[in-house]
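Among the features that Swiss-Prot reports, signal peptide is placed at 1-34, with the record citing sequence analysis. For 35, 55, 58, 59, the entry in Swiss-Prot reads heme binding site, with the evidence type sequence analysis. Summarising the annotation, Swiss-Prot assigns transmembrane segment to 285-305 and lists sequence analysis as the type of evidence.
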């Protein structure tokens, strides 16, 4: 009986711990690491009419990103799209709780219509090894040509390999043998602004009024309440600084409106780029190969004919 009670207690505790772990993962992801989710929730299309990728609305710092794709691909073929997000992996960023931690990365890949993420059974072992344990998803269930990834650890995945399947015009009437553009956006680190317009703790905080700093209160859970004696109306203004940024001002200091109260803790940033890829017609490739073969054969026959002519000339001279 006692063994049975112990078993039931252990079973309940295991369930409780599992639930707590899941809650922690969900809340931590949604607060500090969920930048692809923010874009998916807020925008029908990640690329605006101006060509700007919407991730730049939250990630204000501009950083480089690069994409490598083959110059051309055949229909119904799996190929690699490599997105490179370079940064110093030794850097630490401010997390949502104000502590320092490693940077994570994410990317959105906007392919031409008809191109999509390769199904698992079409991915070769070589490409599978390069993609690692990455989990790719479509931006929308009906937008298979737009793929998002992240957040993932930047120290391990500063180079992301997307396995892509090209369309086949023989079965897809919307696909054509043309040159197509591919767009990519990639970021490292957390954003500075949330989709609702509020600031994260990964950005600089500025004074909302001109006056003297009369009080700086350090909050119990981190962050500051800064009281400013407003010079214009004689009242007081309280600016809230969350945990993370470091103060640049002190009590008694005269400050101006929009003057930075803190440093800028952001270590990351967003970048976007593009590339071109040609969906090549196999018949055109075969035709080109036949043409090249005919040119080579013509050259060989010309050389042989020339040698034969030289032999005839030499024989006539000897007569």
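Note that Cβ sites are derived from N, Cα and C of the backbone, with glycine treated the same way.
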Those binding-site residues listed as 55, 58, and which of them has the most Cβ atoms within 10 Å of its own Cβ: 55
Cβ neighbours of residue 59 (heme binding site) where a neighbour is any other Cβ within 10 Å: 26
